[in-house]
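Q: Got these off Swiss-Prot a minute ago, pasting:
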- Cys5, Cys8, Cys20, Cys27: [2Fe-2S] cluster binding site (BINDING)
- His251, Glu275, Cys319, Cys407, Cys435, Cys460, Glu494, Lys496: hybrid [4Fe-2O-2S] cluster binding site (BINDING)
- Cys407: cysteine persulfide (MOD_RES)
Amino acid sequence: MIMFCVQCEQTIRTPAGNGCSYAQGMCGKTAETSDLQDLLIAALQGLSAWAVKAREYGIINHDVDSFAPRAFFSTLTNVNFDSPRIVGYAREAIALREALKAQCLAVDANARVDNPMADLQLVSDDLGELQRQAAEFTPNKDKAAIGENILGLRLLCLYGLKGAAAYMEHAHVLGQYDNDIYAQYHKIMAWLGTWPADMNALLECSMEIGQMNFKVMSILDAGETGKYGHPTPTQVNVKATAGKCILISGHDLKDLYNLLEQTEGTGVNVYTHGEMLPAHGYPELRKFKHLVGNYGSGWQNQQVEFARFPGPIVMTSNCIIDPTVGAYDDRIWTRSIVGWPGVRHLDGEDFSAVIAQAQQMAGFPYSEIPHLITVGFGRQTLLGAADTLIDLVSREKLRHIFLLGGCDGARGERHYFTDFATSVPDDCLILTLACGKYRFNKLEFGDIEGLPRLVDAGQCNDAYSAIILAVTLAEKLGCGVNDLPLSLVLSWFEQKAIVILLTLLSLGVKNIVTGPTAPGFLTPDLLAVLNEKFGLRSITTVEEDMKQLLSA
C-alpha cells in the first residue's frame, strides 16, 4: 500500500503534486507507519470529541488530557517510526475514550457525540488489516471533492495543532497544566475530525491555534525556568573532552536533568546535541560539572556524527533518523514518544542501562583544543538588555535586529541562512533560536559596544522570549512591533515551525520571510492570501532580501 504525507519541508514535490506517496517517505517513514499514524490521529480526534462532551458535564479526565497531545506528538516528523507502538497509542486512545464515554453516560444516559471519529474501533490486531482500515482516514481522501485549497488549510490546522501538542507535552513533563489550553486543544482536534470544508472557518482556526500556542509557550517557559532557573549567557565547549561519555538529544530538559543526576560521580561525561544545546544556559543544569559540552551540528548530520561518537546516545524527542546507516543502532536509546524499530526504548526515567553501556565503551581518548560558543540569552536576560538595545538604536550604533532562526535540514538551499548571517552588516544584531542556528553559530560575529552581535535565545519554543522582547521594545518606544527595526527570517522543517509561524501571525507580526521552500501543502492561492494578509513571503537571494529588509 502507499501513503500520503506532506507535513515536512523535505516532502516529495512533482508537477503532479506534492507529498510522499510511495512505499516510504523522505524521512524514512514507511507507508505502513504513515498510514497507521493517520489511524491514530482519527482515534485521537474521537477521544477529543468525547473530552469536549465530558467538559460539558464538568468532567475533566487528566489521564486523557496528558495522553492525547503526547500521542499526537508521536506522529510529528522524525519522532516515531515504530508501527506497533503507533497502534498501541491508538488502542490506548480508544480505551480512554470508552472510559470517558462511560463517565459521561453515568451523568447523562443520553449522552451522544456527533463526530465521525467518536466510535472508531480498530478492525484487527494485524498491522496489514489496520493499514487497510487507515485508508479511510488518509488526509487527502476527499481532495477531488473539496479541492487543494481546502485540503491545504485543513493540513495547516492539523500540522499546526500537532506542533502545539508537542509543546503541550514538553510543558506537561515539567508539571505545567492549564485547563483552558486543553479544552481548546480538544475542541479544535475534535472539529478537525469532522473534515471541515469552510475556508473562512479554517483560516480562523489556524489563527486560534496560533493564539493557543502562545499560551502553551508561556507555560512551557514557566516550567523550564521554574525548575532550572532563568538562562544566563554561558560559554559552551563544542569540542571533545577526554573520558567516557553519553550524548543526549531532543528537547526534554527533565530527561537531561535526570541523566545528569544519575551520572554524577560515575566518571561519565554528558554532551548535549541539537536542540539540547540551550540547556547549558540554565543554572540548575550547568551546575553539573560533567555536563562538559555540545557535540555535533544540525540533526540532519547525525548519521555521520553519531557513528563517530564513542558512547551511547539518548533521543528524548525529535529528530531521529535511521541509525542502522551508521551502524550505531545498538547504542542509541529512545525515550518517551520516540521510537525506531529494533532500537532499545526507555519506558521510565532510569538511565542505568545507558550508563552501564557508556562505562563499557572507550569514550574520547583525549581532549581537543576547546572551541567556545555562547548560549543562554533567555527571556530575563533579553528583557534586561532592552534599555541597552534602545540606547544603541537611539545613538545609531545599532541599525537593525534580525531574528534568524528556525529548523535546520538537509536541503542545499539552506546555505542561504549561513550566507545571510555572514552578510548582516556590522551595525546589526542577529537574534537566533532553534536548530537553524547550527548554520552559523560557530562563526565569530564580534560585538557592538560589548553587546554580542550573535544572541542565542534558545530552543524553538523560546520564540516566546523573542516575542516578549519585541513587545517590550515596542512598548518602551511607543510603537507597534511591526514598526521596530526588526526583521524575521525563518527557516522551517516540521510542525513545530508551522505552529510558531501561526503564533507570530496570530499576534499580528507581519512581513516575515521564510524558507528554504514554501510548505508543500500550501497552494499558490493560499500563499497569496497569506502574503496579502500578513506580508508573508519566501526567501529570494541574500542580496535582495537584505536590501529590502534594511530599507523597510
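Backbone N, Cα and C define each Cβ position, glycine as well.
The structure displayed is predicted, hence computed values, not measured ones.
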Q: Cα-Cα separation of Cys319 (hybrid [4Fe-2O-2S] cluster binding site) and Cys27 ([2Fe-2S] cluster binding site), in Å?
A: 10
Q: Note down the number of other Cβ atoms within 10 Å of the Cβ of Cys319 (hybrid [4Fe-2O-2S] cluster binding site), including every protein chain shown.
A: 26
Q: Which residue among the binding-site residues Cys20, Cys407, Cys460 has the fewest other Cβ atoms within 10 Å of its Cβ, if you could check?
A: Cys20
Q: Between Cys27 ([2Fe-2S] cluster binding site) and Glu494 (hybrid [4Fe-2O-2S] cluster binding site), how far is it from one CA atom to the other, in Å?
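A: One finds 11 Å between the Cα atoms of these residues.
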Q: Please compare the binding-site residues Cys5, Cys8, Cys27, Cys435 by how many other CB atoms fall within 10 Å of each one's CB, and tell me which has the fewest.
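A: If we count Cβ atoms within 10 Å for the binding-site residues Cys5, Cys8, Cys27, Cys435, the smallest count is at Cys27.
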Q: Considering only the binding-site residues His251, Glu275, Cys435, Cys460, Glu494, which residue has the minimal Cα-Cα separation from Cys20 ([2Fe-2S] cluster binding site)?
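A: Closest candidate to Cys20 ([2Fe-2S] cluster binding site), judged by Cα separation, is Glu494.
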Q: Quick one: of Glu275, Glu494, which of the binding-site residues has the smallest count of other CB atoms within 10 A?
A: Glu494
Q: Sequence gap of 6 or more, Cβ distance under 8 Å: name the residues on the same chain that satisfy this around Lys496 (hybrid [4Fe-2O-2S] cluster binding site), in order along the sequence.
A: Leu76, Gly163, Ala166, Tyr167, Asn318, Cys407, Cys460, Asn461
Q: What three-state secondary structure does DSSP assign to Lys496 (hybrid [4Fe-2O-2S] cluster binding site)?
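A: For Lys496 (hybrid [4Fe-2O-2S] cluster binding site) - judged by DSSP and reduced to three states - the answer is helix.
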Q: Same-chain residues six or more away whose CB lies under 8 A from the CB of His251 (hybrid [4Fe-2O-2S] cluster binding site)?
A: His170, Glu275, Met276, Thr316, Ser317, Asn318, Gln459, Asn461
